[in-house]
Amino acid sequence: MALLSILRYPDPRLHKTAKPVAVVDDRIRQLVRDMADTMYDAPGVGLAATQVDVHERVVVIDVSEEGNDLRVLINPEITWKSDERQTYEEGCLSVPGIYDEVERAARIRCKALDQQGQPYEFEADGLLAVCVQHEIDHLDGKVFVEYLSNLKQNRIKTKLKKAEREAERA
């Protein structure tokens, strides 16, 4: 089990756009295992490779309460979004301790590759739809707090810098 270091907002590397995975090989499968271990250890319900400073289009998600329904999305692409919207309070492993409401599509359809490189499609609603959209945003260089007002973004940056200074003193 290898735990990866998670980048913290506002690290500029979180704004890099991830490149598509050309070949799903053992290196990618190891990345998936390490990302899953990191996500479960954090604990979180989703993690994009961008968050661990790997700029390839790889996402792991598990929104189950038991933590036993790992979904691997390689080169994920949302192919349809409902016009209906939903608002969820989101958090992020790259923005620790910060939660705020974000409005997103209520239902989506997504296509991706699994860890064997096989294509698949699925539809999602509720927390899974939110999580897929959130993690794909990471791959596109966007962090959830960027949906918030400038005032809220500045408050979050101040709060995170203060927490970082306190952690350094400890």
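Using the three backbone atoms N, Cα and C, a Cβ is placed for every residue, glycine included.
Here the Cβ of GLU135 (active site) has 24 other Cβ atoms within 10 Å, regardless of which shown protein chain they belong to. Under the three-state DSSP scheme, GLU135 (active site) falls in the helix class. Feature annotation from Swiss-Prot assigns active site to GLU135.
The Fe cation binding site annotation in Swiss-Prot covers CYS92, HIS134, HIS138. Every protein chain shown contributes to the tally, and the Cβ of HIS138 (Fe cation binding site) ends up with 26 other Cβ atoms within 10 Å.
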Neighbours of the Fe cation site CYS92, HIS134, HIS138: Cβ within 8 Å of the Cβ centroid, same chain, sequence order.
GLY46, ALA48, GLN51, GLU90, LEU93, SER94, GLU135, ASP137, VAL143, PHE144
